[in-house]
């Protein structure tokens, strides 16, 4: 934290910044404080505390909190439930990433031209993004009641991933649209003059140039749905037979039983997993951008 | 500038640290001697009380609260905490959020789970205790020797609710005398094309009753004491056997064909319209039937008998809608007012409450309302001689029902159910300071 602010203040002392960097200063740096304060209280501190409480016996059953070493970790590792929940969470995140990007990309291509109908359609597809995730979950639960789609121990995870993707596809669409709009017209014109068909120009020119949008969309969908909770909780509550019990739902249940330290340990595992996944995923997607 | 930044950051960190320490800690225990019981109708103008209730108990206190507000001038608000209720409350209390009163399962395991010693007011010397039926006074609500919960309605009993008309139409004149007879009867009914039992695999929580009623005799001979001290496990033959028996009965086709997807609501409908002959359930199930049919219909159609391997023994399981706890909020005036509300409830307001809820009286001096359905009287009659349930006697309450629901869905074997339940029991018991 302190080092981040230190870097910011140091930047002022170095007028010879890299070319293209905006060195002009319009606002005093302390304007950042409210934002950093919120980030600190609601993100940095809880995350830091995870590393403390995960190694204690904090519970709802007694007032004192004592250190217990790695006992919570060894217990979780010996119990298959954590690994099952982790597996379900990763499967869910990958499915969401695929569906959300496929839908978003399809919609962006379909609605790319700025016609009146397209503009109206785009607005409609963004509405679910603005809806409460719980409302989305309850609506789908009501819609799918009695169809058996939420009672299948194999396929329900796919159904909830589709619902998650449906809710967020409007955002992916917006990002892909922005990507499509920034492709320079002259590149496409050059392709046309070279005799490339529309099909060829699409796959050989426009899709590769969307790489930064792909990076953003895949990373946010994948890593965002690793932290999934609300939609699944509202739609299935983790059922049937806990086949859609994401790690966060498991954490919520454990916390609710008063086992706060164990729940914290699981959050820590999830935090580390998301971090470990984020670096290679973003690195690989970035490399893909450069290759193009 | 730099120094200011560092100072501000340090200050923020310190505040954050202070704000993040365990909010549940730090309360001091009230001396039992200091507990006073105000007159039930003493004036309380301007006092605001909050009562937390679950979706199935939020209408229970309606009449009491109306009377209390009229008599005292206090205002009482009932806040519904969504299901899963107990989990929601534990989470809220852990973060320092407390009501004045809440519906709460009055068993030792659940009083431990909410850290009664720190969070709840002891109800020592409550004025209504002498008026309670002596058989019921100390049946529950105690943690160690200290009373933390006030029982307001007859505690739930696990047993068999049956459709009298279905029994009569198939020539069944006497209800089964033990578990073996129950199964024989079920097989006879199935032979006649009737679904003997109805179970709700999708709503899950009732699945545990089938295992628990089979354990009634073992419970009487100290099963849960042995589990509590680690001498016996869920994976040992007694409990594992009951789980296996349950699965065997399901595989024999003695249950509804939609057992995996059926919900609590479906159970009531199925029993009322005779689609199923019997349901193993607790009192809240009868509450659902009361919402669906009037007393006359219920009396002619629905009956209850307790069941256990050795005979007609019920398994007693007080639930959240049967009792209330009062929280230590740190505000002496509101804490006293909360005790006063309980005294009013079990005192001047009790008759009105029973009439409104149409339920059995726990006090010897207050008569049952005229319209209490026969099945409820039968359930109440079974309380005195019943065996304790897992919730009543075990020091921790593992999610046996979730594992059983998984078994019904086909993703767990009985052995896995027993193992998972035992593991979780040990985890919870250790966290609560038992089972070193």
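Here the Cβ of each residue, glycine as well, is placed from N, Cα and C on the backbone.
Just so you know, TrEMBL annotations are computer predictions that nobody has curated.
Your range for transmembrane segment, going by TrEMBL and the list A:201-223, A:224-246, is A:201-223. Packing against the transmembrane segment (A:90-111) from elsewhere in the chain are residues 118, 121-122, 125, 157-158, 160-162, 164-166, 168-177, 179-180, 214, 217-218, 221-223, 225-226, 228, 232, 244, 246: each is 6 or more residues past its ends and has a CB under 8 Å from a CB in it. Tertiary proximity for the transmembrane segment (A:123-143) is limited to same-chain residues at least six positions away from its ends with a CB under 8 Å from its CB atoms, namely 107, 111, 150, 163, 166-171, 173-174, 230-236.
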